[in-house]
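Copied over from TrEMBL:
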ACT_SITE  HIS158  active site, proton donor/acceptor
ACT_SITE  LYS162  active site, proton donor
BINDING   GLY11, ALA12, SER13, GLY14, ARG15, MET16, GLU37, GLY101, THR102, THR103, ALA125, GLY126, ASN127, MET128  NAD(+) binding site
BINDING   ARG38  NADP(+) binding site
BINDING   HIS159, GLY168, THR169  (S)-2,3,4,5-tetrahydrodipicolinate binding site
DOMAIN    7-128  domain 'Dihydrodipicolinate reductase N-terminal'
DOMAIN    131-267  domain 'Dihydrodipicolinate reductase C-terminal'
Amino acid sequence: MADLPGIVVTGASGRMGQMLARSIAASDRARLVACIEREGHPWIGRDIGECMGGAAMGVLVTDDPLEAFAKAQGVVDFTAPAATVGFAALAAQARLVHVIGTTGLEPADLEKLEAASRHAVIVRAGNMSLGVNLLVRMTQKIAAALDEDWDVEVVEAHHRMKVDAPSGTALMLGRAAAEGRGISLEDHMDSGRHGITGARKRGDIGFSAIRGGDVVGEHDVIFAADGERVVLRHLATDRGIFARGALRAVLWGQGQKPGQYDMMDVLGL
Ligand SMILES: NC(=O)C1=CN([C@@H]2O[C@H](COP(=O)(O)OP(=O)(O)OC[C@H]3O[C@@H](n4cnc5c(N)ncnc54)[C@H](O)[C@@H]3O)[C@@H](O)[C@H]2O)C=CC1
Ligand SMILES: O=C(O)C1=N[C@H](C(=O)O)C[C@H](O)C1
């Protein structure tokens, strides 16, 4: 048991944090060694199992990442951009594998992650599920096979609490379509239409976001031509799919060379 990699979960009281803490504690391939929450959070100093309304797990929630990272080989981080950038610097110092599920990162944040990845392994993906990563590959292949007579639209739906749009997954899918077409997403992205937008620009990749209720995550990639449409769809109904991917990623990252990786590397897709 002591030989298994020790894993820290950040944002432990969150929707994903709780799912990750449960999944890692239940795994026979890793040990949950600490949970982190932000300073002042009511769970600090308490057992994570009891905080989640179950039996004690023997793992405390702390607001001190240095103390937590000192006893770990990996950290799984689904929090918020500012928190993730801070954790990346500390994980790099401690040479931990840092698995990042956080979305909504800006270019300046990505530069800081790039700097951290010179010293340690980072695995980052806007979606850690096997199904979505397969869909990304399919999107790339279909986009490569179709010309600009086929308009590409990415439509996503999430729960009412989600704070970023387009979702990380929608961006992965849009980027895959752009790569398939051999164009840059940044130059062809059409997001948040409103008012007199004018006709759709040929070759653009459109994004629409729905927010409501408790939707875990739904993504459609629509290829629309005159007279026909191809629709690729992924429906997430259980956050366990993301936790499974994240656990696989943190185990895969052990022993890899420092650098930035994604779920395509982990899954060999
Ligand atoms: N890549 C993937 O497969 C997935 C990514 N996500 C992303 O993960 C992130 C979190 O999602 P949810 O769990 O739904 O959000 P949430 O809001 O339920 O949880 C975030 C947690 O992070 C904590 N946190 C914020 N700043 C912190 C800090 N400085 N130190 C420690 N803890 C801190 C918050 O207190 C909160 O408990 C979002 O960016 C979301 O888009 C969510 C699901 C799957
Ligand atoms: O915030 C969420 O919930 C999710 N976020 C990720 C995203 O932005 O794509 C992954 C998943 O769709 C759930």
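The backbone N, Cα and C atoms fix where each Cβ goes, and this holds for glycine too.
On the structure: features taken from TrEMBL.
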residue : record                                          : CB count, 10 Å
GLY11   : NAD(+) binding site                             : 26
ARG15   : NAD(+) binding site                             : 16
GLU37   : NAD(+) binding site                             : 23
ARG38   : NADP(+) binding site                            : 14
THR102  : NAD(+) binding site                             : 24
ALA125  : NAD(+) binding site                             : 27
ASN127  : NAD(+) binding site                             : 27
HIS159  : (S)-2,3,4,5-tetrahydrodipicolinate binding site : 13
LYS162  : active site, proton donor                       : 18
GLY168  : (S)-2,3,4,5-tetrahydrodipicolinate binding site : 21
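Counting only residues at least six positions away in the same chain, the Cβ atoms of GLU37, HIS41, TRP43, CYS51, VAL61 sit under 8 Å from the Cβ of SER13 (NAD(+) binding site). Across the fold, the C-alpha of THR102 (NAD(+) binding site) and the C-alpha of THR169 ((S)-2,3,4,5-tetrahydrodipicolinate binding site) stand 11 Å from each other. Summarising the environment of THR169 ((S)-2,3,4,5-tetrahydrodipicolinate binding site), the number of other Cβ atoms within 10 Å of its Cβ, over all protein chains shown, is 26. Reduced to three states, the DSSP call for HIS158 (active site, proton donor/acceptor) is strand. Proximity of the recorded positions ARG15, HIS158, THR169 to ligand 1, judged by a Cβ distance under 6 angstroms to any of its atoms, singles out ARG15 in sequence order. For GLY168 ((S)-2,3,4,5-tetrahydrodipicolinate binding site), the nearest neighbour among the listed recorded positions (ARG38, ALA125, HIS158, LYS162), judged by C-alpha distance, is ALA125.
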